[in-house]
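First up is the structure itself, then whatever we jot down about it.
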């Protein structure tokens with residue numbers, strides 16, 4: 001490449017040919033056909049079962065498809081492209097979050113999942129009305145709606161960036177086309193179409209990542225070369241054992257903060273719970289949970305290794321400094337074109353895999369939105385049954401919110417680092433929502449007034465923290481220590497438009513490793529992994545205090561089915577003890593009378 005400049009190299013790597021477009025289009029067509037099958041060809045649900053069939057697959061779904069759908073829904077394009085970037089820029093410290101993922105599985109299995117599954121819910125926010133009151137149901141539903149609408153445009157934008165990197169096609173040309181296809185199959189096919197397209201998309205995701213890893217490792221000289229270069233640059237390191245909440249990632253934030261973050265996104269989120277509720281029994285839901293966790297850990301490991309592989313490939317010519325990659329989330333697509341570009345169809349497979357991750361997250365979000373809008377916004381305020389209008393409402397919600405997401409992509413494009421942005425925006429509502437559900441399943445004496453006050457204060461505090469943190473990043477008050485990169489081995493000409501010190505500010509991938517200008521501690525300097533924990537704790541503490549002030553619930557009068565199994569056992573024992581005491585007292589009175 002001697003004598004070439006960086007623009008020439010970019011053009012030479014855009015080898016997305018006919019076979020690649022064929023593979024990509026076939027993936028989209030398969031999604032359309034699955035939607036057509038479940039929407040028009042498969043036997044229609046019986047009268048009165050249309051809603052349950054559309055939203056939870058009549059609660060008769062199978063474990064493996066649901067597990068694969070959970071993986072596809074959770075591992076969005078943000079994770080697929082953002083995690084390798086995180087490892088490339090900051091090293092493997094983030095991967096110790098696997099401890100939080102596994103811990104989340106046990107906590108969810110024993111404390112949260114049994115409650116929602118045994119109540120046969122469609123929307124998790126129905127639980128809030130049953131446990132607290134109507135205000136809480138509306139509060140939770142509004143928070144979910146806002147958080148989902150902030151997240152979905154980012155989910156769409158990320159794979160469009162990848163497509164732009166490998167083809168040069170404008171982001172705003174491909175985004176509407178792909179979204180219309182996703183809206184179509186979600187709209188006509190319901191949950192069954194979403195789950196089975198997710199199965200296809202999950203297989204594509206794993207296949208694409210394995211292809212890149214195997215071919216890329218061979219190209220750089222083998223696994224030993226990848227490990228040696230990563231170790232030499234400090235990217236492979238043991239867990240940071242210092243307890244400092246402002247440290248970007250340490251063992252405490254990854255495990256403790258990570259388990260709380262994953263609890264919200266998996267244990268009480270409508271996006272995920274709706275799939276567990278589509279399974280016929282609690283035992284099958286638990287099996288799906290652990291299959292999901294195993295699959296997610298494998299995919300995270302593949303993403304982590306691909307980040308190390310990117311460094312091994314570009315260890316002496318950093319593509320971010322040279323601007324060979326315009327955005328940091330285009331590092332993995334760059335590796336793909338460099339590694340697989342000469343093999344017709346394989347870059348198309350990768351792009352199909354990344355778009356599959358995005359489509360699964362988008363379809364899941366839209367399907368969940370249809371459940372929440374119908375169950376929490378229409379039914380509670382309707383004076384007569386909606387039986388004839390339910391299907392129309394559910395499909396209209398998918399179409400309208402899908403169209404809004406396409407428009408919001410224009411906003412997301414201006415907001416910088418997509419991975420950090422998605423995590424930070426989600427944390428605004430994640431903490432308060434997890435706090436409210438935790439109050440519900442674990443603290444019987446907490447009442448609706450306490451929950452609404454706690455949730456509101458928690459939300460306001462987290463809005464302030466996230467806004468201040470984003471402002472601090474934009475102004476350079478918060479800086480980020482990157483792992484070393486080099487450009488000494490570049491074989492093409494380039495002009496670095498930003499010095500490395502500025503790169504440290506503008507290439508954040510996850511969260512907040514603060515090196516503040518001011519010496520004193522500031523609340524918004526803490527790592528993003530503590531955000532959900534902070535919001536949940538504020539909500540719970542305020543709610544308990546307010547409940548005690550206004551008059552707490554009487555646990556003995558509460559429905560035991562609304563609580564986690566071990567709380568249920570305590571309440572039942574208390575009732576038995578109270579009943580026995582009453583019988584003894586009654587017997588004593590009878591003896592005295594006689």
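Quick reminder: no glycine exception, Cβ is built from N, Cα and C everywhere.
Going by TrEMBL, these are the annotated features:
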- 21-41: transmembrane segment (TRANSMEM)
- 62-82: transmembrane segment (TRANSMEM)
- 94-117: transmembrane segment (TRANSMEM)
- 138-163: transmembrane segment (TRANSMEM)
- 169-188: transmembrane segment (TRANSMEM)
- 195-214: transmembrane segment (TRANSMEM)
- 249-267: transmembrane segment (TRANSMEM)
- 288-312: transmembrane segment (TRANSMEM)
- 349-372: transmembrane segment (TRANSMEM)
- 418-443: transmembrane segment (TRANSMEM)
- 450-473: transmembrane segment (TRANSMEM)
- 528-550: transmembrane segment (TRANSMEM)
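Recorded stretches compared: 62-82, 195-214, 450-473, 528-550; the one with the most Cβ pairs under 8 Å to the transmembrane segment (138-163) is 62-82. Only residues 6 or more beyond the boundaries of the transmembrane segment (94-117), in the same chain, are considered here, and those with a CB under 8 A from a CB of the stretch are 83, 86-87, 124, 127, 239, 249, 251, 254-263, 266-268, 273, 276-277, 279, 282, 285-286, 289-290, 293, 296-297, 300-301, 304, 437, 441-442, 510, 529, 561-566. Within the chain carrying the transmembrane segment (249-267), a Cβ under 8 angstroms from the stretch's Cβ atoms is held by residues 74, 90, 93-94, 96-97, 99-101, 103-104, 107-108, 111-113, 239-243, 273, 292, 426-427, 430-431, 433-434, 437, 510, 513, 527, 529-533, 536, all 6 or more beyond its ends.
The stretch with the most CB contacts under 8 Å to the transmembrane segment (21-41), chosen from 62-82, 169-188, 288-312, 450-473, 528-550, is 169-188. The transmembrane segment (349-372) shares the most Cβ pairs under 8 Å with 62-82, out of the stretches 62-82, 169-188, 288-312. Per-stretch counts of Cβ pairs under 8 Å to the transmembrane segment (528-550) identify 450-473 as the leading one among 62-82, 169-188, 195-214, 288-312, 450-473. Long-range Cβ contacts of the transmembrane segment (288-312) within its own chain (Cβ-Cβ under 8 Å, at least 6 residues beyond either end) map to 63-64, 66-68, 70-71, 74-75, 79-80, 83-88, 92, 95, 98, 101-102, 104-105, 108-109, 113, 202, 205-206, 209-210, 212-213, 216-217, 220, 225-227, 229-230, 233, 235-236, 266, 275-276, 279, 331-332, 334-335, 483.
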